[in-house]
């Protein structure tokens, strides 16, 4: 029987625990706050940000929202980042990506106070991940890679000694998850592939675990998967149904591949909820370090 890795259920469990931790912080006079900075009116980005604020309400974290128009310049965005950096009520915040064309996302991310980097994507925090091959990392971790590992751990999927094929080289997941997977606490062996990999089929076919994050629907087919592999679908793309004209969300892994796998994440409902739960976790952990020196 194929195991469905239910990100919604695991995320709800994490949020229940976070609510208790937030209540403890509040008893000590500490009130965690999550800020969001949204630029433009992209419907998908607006939905993601709205979801993050709903999550905050669930666990008792204060929401701080900054919205800028589509025509905002890099300087305008940096000014908003400076305001969030200086806001004592903001424990951590995120800049919703992608930013509009013509703006400098690297300059914006660099401007974030590393201690308030709720996404775990600031160069300093990524550097800490690179430097720490084992042991505790006392800085925020990238949300999606951490969410994937937490989801697999919740279902007791041991990655030690396993061959993991990561498909996708983006900084949000592809490059960064390899750093987590190869830490001594995880001990996986990682092959990083991408859409330009010539023998992509052969690389995936050898893998015990495939983590797909390209945004190309169906890049992983059933014949790419060896019997009993674990499938983690991180890719998101909007696909139009030719018969109805309606748009739907599609992942990187074709549904037919599930028949070969031992476990898989649905998409949506797999990694997405875990990413949002890890965002809240980063905020709460930052508040705990400030309050209790943890």
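Glycine residues also receive a Cβ, built from the backbone N, Cα and C atoms like all the rest.
Predicted automatically and left uncurated, TrEMBL annotations should be read as such.
Feature annotations, courtesy of TrEMBL:
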- 168, 169, 170, 236: NADP(+) binding site (BINDING)
- 5-119: domain 'Tetrahydrofolate dehydrogenase/cyclohydrolase catalytic' (DOMAIN)
- 142-290: domain 'Tetrahydrofolate dehydrogenase/cyclohydrolase NAD(P)-binding' (DOMAIN)
Next item on the list: Report the same-chain neighbours of residue 168 (NADP(+) binding site): residues 6+ apart in sequence with Cβ closer than 8 Å to its Cβ, ordered by sequence.
Entry: 174, 193, 194, 211, 212, 213, 214, 215, 234, 235, 252
Check: Near residue 170 (NADP(+) binding site), which residues of its chain come within a Cβ-Cβ distance under 8 Å, counting only those 6 or more away in sequence?
Finding: 213
Next item on the list: Work out the three-state DSSP category of residue 170 (NADP(+) binding site).
Entry: coil
